[in-house]
Amino acid sequence: MSIWSYANPRKFLDTTAPWVPWLMWLSAAVLAVGLVWGFFFTPEAERFGSSVKIIYLHVPSALMAINAWLMMLVASLIWLIRRHHVSALAARAAAPVGMVMTLIALITGAIWGQPMWGTWWAWDPRLTSFLILFLFYLGYIALWTAIPDPDSAADLTSVLCLVGSVFAILSRYAVNFWNQGLHQGASLSLDKQENVADVFWVPLLVCMAGFVLLFLALVLLRTGTEIRARRIAALRARARRVEPVRA
Amino acid sequence: MMDLGKYAAEVISAWGISLAALAGLVWWSVRRDRKVRAELERTERDHG
Amino acid sequence: MRALLARDLRLAVRAGGGFGLGLAFFLIVVVLVPFGVGPETAILARIAPGILWVAALLAALLSLDRIFALDHEDGSLPLLATAPLPLEMLALAKALAHWITTGLPLVVAAPLLGVLLHLPGEAMPWLLVSLAIGTPALSLIGTFGAALTVGLRRGGLLLSLIVLPLYVPILIFGAEAARRGAEGLPAATPLMLLAGIGLGCAALLPFATAAALRVTLR
């Protein structure tokens, strides 16, 4: 069976609805394991002291902030090319989640930056890029809520998502060019894990898995909500057409 | 309570804010989903 | 396309709105800055390129919602869409008209306002060149944003929320070129990057703008 059969809203709902609570609890469990492990059972890092514990929230949320945008980009492309409503609604559902992730990454970064760099905020390339990403999320969500017609809203936000992605990448390089920062390099990419000692790395991986699961659960739940909201609007519109005058 | 040393305030506030934000996001999403579900049921009964 | 361009330019000049307003706004922002940061020559000279760039960007933003709004209100937008001219060319013509009525006057006025901010003389040509290269890209991006928000209530506010983040790379490279010029450093690299972004915008954004217009006109 092809994956596109899930583009049918009814089938999507029937398939995903039973999964959502399970995914929620699973992500809660994984997050609990990772966070408790990270908070209580990891040593302090030499240079960071106990502030290293912020990493268990900072890095996974930053990861999901970017992944959420990538998911929205893919979903927007699918909508523009194949016109599956579920795809457009999934992009809409993911945006607030991605925005909250970006916000968490920014706030934890600022709090962490205060003892490490001696300042809440530095115009460091990575921080600045995340701030710009946050603005992109704001604009995207605002455009969704501003357009009354759902299909036009899906089209226009998809176009914005595509153009925004290009400009987000441009901004990333522009910001790099503009200021070389304080931020440590990508010490946490999957292929370079030897940069982080295993005592931190393993619980961090668990936390990242928990964030991925939480993101999945939230997006599925919220996509379902959007599909139902769309159905309500359609039913009401039909009722208005059938009985134009209602006492 | 374990000893967090001199970074206690930073660690606890960062964790507090992040967990509150995540909990708020989940709560908001679940509540909106329940509302929309109930609304859909009502609408389907009225117009369906 | 030429006829459309001439029509837009005539409208902009005659309706009085867009043409002088952006320029006046540019002037006011630049005049306000010394009140905010104090009159010391050294500080003003140092921040002048950045201030001029940010002010130019805001001034360009100010007249964006007029690009399609007038045509949308009087119903000529659907007519333009059914004309033999492809929508992509319409988007390009609109952006060009916006640039001629707002971007070009800003470029011309920038040296005068630079004097007000004690911008060093050797920085002047760099500022001019960077603005001349960068402002067309601002108009192109703005036209895209305007096409996304045609006919929406509170479209203007939404427009700035959407367009301003897109302006970031242009602002960075443009102000960087002007700053390097002011400090006597080689400024060719940011200028080339700026020109690259501008050309990329000119080549690709009209398609996005046209796609957005097609959705709005559906």
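Note that Cβ sites are derived from N, Cα and C of the backbone, with glycine treated the same way.
Keep in mind it's a predicted model, so treat the numbers as computed, not measured.
Beyond the ends of the transmembrane segment (A:20-41), by six or more residues, the same chain brings 53, 55-57, 200, 202-211, 213-214, 216-217, 220-221, 224 to within a C-beta distance below 8 angstroms of the stretch. Residues or ranges marked as transmembrane segment in TrEMBL: A:20-41 (among others).
Taken from TrEMBL, the feature domain 'Cytochrome c assembly protein' applies to A:27-183. For the domain 'Cytochrome c assembly protein' (A:27-183), the mean pLDDT of the prediction comes to 88.
Tertiary proximity for the transmembrane segment (A:61-81) is limited to same-chain residues at least six positions away from its ends with a CB under 8 Å from its CB atoms, namely 87-88, 90-91, 94-95, 97-98, 101-102, 104-105, 108-109, 130, 133, 136-137, 140, 154-155, 157-159, 161-162, 165, 168, 208, 211-212, 215, 219. The transmembrane segment annotation in TrEMBL covers A:61-81 (among others).
Below 8 angstroms of C-beta separation, residues 49, 51, 54, 57-58, 61-62, 64-65, 68-69, 71-72, 75, 121-122, 127, 130-131, 133-134, 137-138, 140-141, 144, 182, 211, 215, 218-219, 221-223, 225-226 of the same chain, each at least six residues beyond the ends of the transmembrane segment (A:93-115), sit close to that stretch. If you look up TrEMBL, you'll see A:93-115 (among others) marked as transmembrane segment.
Annotated transmembrane segment per TrEMBL: A:127-147 (among others), in sequence order. For the transmembrane segment (A:127-147), the residues of the chain that approach it from at least six positions outside its boundaries are 62, 65-66, 69, 72, 92, 95-96, 98-99, 102-103, 105-106, 109-110, 113, 121, 153, 156-157, 160-161, 164, 168, 171-172, 175, 179, 181, 183, judged by C-beta separation under 8 angstroms.
As annotated by TrEMBL, transmembrane segment applies to A:159-179 (among others). Through the fold, the transmembrane segment (A:159-179) approaches residues 69, 72-73, 76-77, 80, 91, 123-125, 128-129, 132-133, 136, 139-140, 143 of its own chain, all at least 6 residues removed from its boundaries and within a Cβ separation under 8 Å.
TrEMBL lists A:199-221 (among others) with the feature transmembrane segment.
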